[in-house]
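Database features, via Swiss-Prot:
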- 18-100: repeat 'Solcar 1' (REPEAT)
- 107-210: repeat 'Solcar 2' (REPEAT)
- 220-302: repeat 'Solcar 3' (REPEAT)
- 20-42: transmembrane segment (TRANSMEM)
- 71-90: transmembrane segment (TRANSMEM)
- 113-133: transmembrane segment (TRANSMEM)
- 185-201: transmembrane segment (TRANSMEM)
- 222-239: transmembrane segment (TRANSMEM)
- 278-296: transmembrane segment (TRANSMEM)
Amino acid sequence: MEDKRNIQIIEWEHLDKKKFYVFGVAMTMMIRVSVYPFTLIRTRLQVQKGKSLYHGTFDAFIKILRADGITGLYRGFLVNTFTLISGQCYVTTYELTRKFVADYSQSNTVKSLVAGGSASLVAQSITVPIDVVSQHLMMQRKGEKMGRFQVRGNPEGQGVVAFGQTKDIIRQILQADGLRGFYRGYVASLLTYIPNSAVWWPFYHFYAEQLSYLCPKECPHIVFQAVSGPLAAATASILTNPMDVIRTRVQVEGKNSIILTFRQLMAEEGPWGLMKGLSARIISATPSTIVIVVGYESLKKLSLRPELVDSRHW
C-alpha cells in the first residue's frame, strides 16, 4: 500500500529548465497582476501615521478606487514588474541550494530552511532598488505625497504615474541620497524577507505533511498543498510583519536607522503599530500563495523531464 504521507518533491535535477523558466515568468506575471492592489494598500497603511487617512484594508481599497479609479491601485506596477527577474533568481537559487544541501542533510526541513533564506538573500539584492522606486510611486495620490518625494502631475492635477514620472522619482532619489538611496532599507529588507522565506518553506512542508494524515488516501496531493501554502504564509506574515513595517518606513520616509524607526513607531503608535498592514498582507498572500503553490507545483510537473512524468503520483 502506498504511503499517502509520502509527498514526492520534484527536485532541480528532475526539471526541463527551458519549460521551467518560460512557464515560470508567465505564472509570476499573472500572480503580480492579481495581488498588486493589496501590496499597494499594505504599503500605504504601513507608512501612514496612525489612521490619518485609511482606517483599514477595505477602507483604503474603497477610498483609492473612488479617488483614482482602478489605475490608482496599480501605481508603480510597471516598475514593479522588473522584479520578475529577481523572482526567477529566487526559484533558481532555492532549487540549487536544496540540491547542494542534500549532499549534507536529507532533512526536508533543513533543506527548505537553508534554501529559502539563501534564495531570499539573492532576490532581495536585486529587488530592493526596484522596490524603493515602486514604493515611492505607490505613495502618490492625486498629486499629493505620502512619502518623501512627489512626481509631477498632469495639467489636471491627477498625478498619473507614467515612465516620465518614474524617471522623476529616480532623479529625486539620486539628488537626495545618491546611488545609496536605491539600497535604502536593504538591511531591513534582509531582516524581513530572509526570515520570512526561511520560515515559509519549512512550515509549508510541515502543514502539507500534517494535512496528509487527515486527508483520505485518494485526495490529490495538490489539494492539501494548496491549503498548506496560505497557512504557511499567514504564519510567516505574523512573525515578520513588525520588521516589514519598519522596512517600509525606512525606504519610503528616508530613515537611516532601523532602531530609531522602531523607537519612533513605538512612541507614536505603541505595539499595535508593528501589526499595521497585517490583514492586507495576509489577504494578498492567501490567494497569491494558493496560486503560487498550485502554480509552482504544476509548473514543476509540467517541466518534468519526459522520462520521469509517469513516475510521479499526484
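Cβ from N, Cα, C; glycine included.
Assigned with DSSP, the residues of the repeat 'Solcar 1' (18-100) fall into helix, strand and coil as follows: 69 helix, 0 strand, 14 coil. The DSSP breakdown of the repeat 'Solcar 3' (220-302), given as helix, strand and coil counts, is 75 helix, 0 strand, 8 coil.
Here the transmembrane segment (278-296) lies next to the transmembrane segment (20-42) in space: the count of CB pairs under 8 Å, restricted to residues six or more apart, reaches at least 3. Beyond the transmembrane segment (185-201), the same-chain residues lying 6 or more positions past its ends with a Cβ under 8 Å from any Cβ of the stretch are 94, 112-117, 119-121, 123-125, 127-128, 131-132, 232-233, 235-237, 239-240, 243-244, 246-248, 250-251, 258.
Summarising model confidence by region, the repeat 'Solcar 1' (18-100) averages a pLDDT of 87.
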